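What follows is a single structure, written as structure tokens, with notes after it.
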Amino acid sequence: MASTEDQVVATTTNNDHLVQSDDPEHPANLIPELCRKFYNWGWVTGTGGGTSIRHGDHIFIAPSGVQKELMKSENIFVLQWPTKKYPAEERNYIRRPLKLNPSACTPLFLTAFENGAGCCIHTHSQWAVLVTLLVEREKGPDACFEISTIEQIKGIPRGKGKGMLGYYDTLSIPIIENTAFEEDLTSGLEAAMKKYPDTYAVLVRRHGIYVWGDNVAKAKTQCESLDYLFQLAVEMHKLGLPWVK
Ligand SMILES: CSCCC(=O)C(=O)COP(=O)(O)O
Ligand SMILES: [Zn+2]
């Protein structure tokens, strides 16, 4: 539930103050800034993908179907945290920009926040999509991308409070099947997180990846490390080199 103060302000001002800040680290400034970077890295082109940040008891969410690299702080939706998984139906937004809808990824971002994340990134990176195709023969609940003995694996946590993976560890990222609508991926994401409680990412076959972290810096670092590893795996495959020893 929104606090009484926020609800009162919402009826009169749409809580614009929640997305107005001179601080570049404020989520309403950071989400557009990150999306500009992600666009240049091929992660959020053609309106696909996005990112969401939890800041105290507020969740900041980008609008749906917009060019994510052109987004402005005034376009950002705000939810009170904790909230229900399908807030669009619950009129639970304490800031809702006119003529825009919240990202279809919202229930997936909320799943990551329920798991303790401070930031969740969704990319449509072609490297992520390609690795899901390379392991397409493995369908069902055990589908997984695995890679070992590559230095960049050290950029991924072993699990919450367990430190980072080591050079000789095997990194496993579960793969779920895509659905016709983004929000329908939520149950698959929940199931993968239950089966792999230490994971910080879930690949979506023929679609992309969801990566989360305790905070923005960790989510971004992990997403970059994974994208590096996916690109490397694809290039190794092209050279006929196995990426798991
Ligand atoms: C061409 S993008 C299709 C929708 C999608 O997969 C996505 O990640 C973007 O969803 P949003 O509602 O945030 O635009
Ligand atoms: Zn998507």
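Numbering starts at 1 and runs along the chain as it is shown here.
The backbone N, Cα and C atoms fix where each Cβ goes, glycine too.
Per TrEMBL, these features apply:
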- GLU151: active site, proton donor/acceptor (ACT_SITE)
- CYS105: substrate binding site (BINDING)
- HIS122, HIS124, HIS207: Zn(2+) binding site (BINDING)
- 1-18: compositional bias 'Polar residues' (COMPBIAS)
- 29-234: domain 'Class II aldolase/adducin N-terminal' (DOMAIN)
- 1-23: region 'Disordered' (REGION)
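This view paints the features noted in TrEMBL onto the structure.
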residue: CYS105; record: substrate binding site; Cβ neighbours (10 Å): 25
residue: HIS122; record: Zn(2+) binding site; Cβ neighbours (10 Å): 29
residue: HIS124; record: Zn(2+) binding site; Cβ neighbours (10 Å): 20
residue: GLU151; record: active site, proton donor/acceptor; Cβ neighbours (10 Å): 8
residue: HIS207; record: Zn(2+) binding site; Cβ neighbours (10 Å): 21
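Mapped onto three states, the DSSP output places HIS122 (Zn(2+) binding site) in strand. Cα-Cα distance from HIS124 (Zn(2+) binding site) to CYS105 (substrate binding site): 12 Å (rounded to the nearest whole number). For the recorded Zn(2+) site, residues HIS122, HIS124, HIS207 set the reference point as the centre of their Cβ atoms, and the other residues of that chain within 8 Å of it by Cβ are GLY48, GLY49, THR123, SER125, ALA128, VAL129, VAL204, GLY208, ILE209, TYR210. Restricting the average to the domain 'Class II aldolase/adducin N-terminal' (29-234) gives a pLDDT of 94. Note on proximity: among HIS122, GLU151, HIS207, the recorded positions of the record, the Cα nearest CYS105 (substrate binding site) is that of HIS122.
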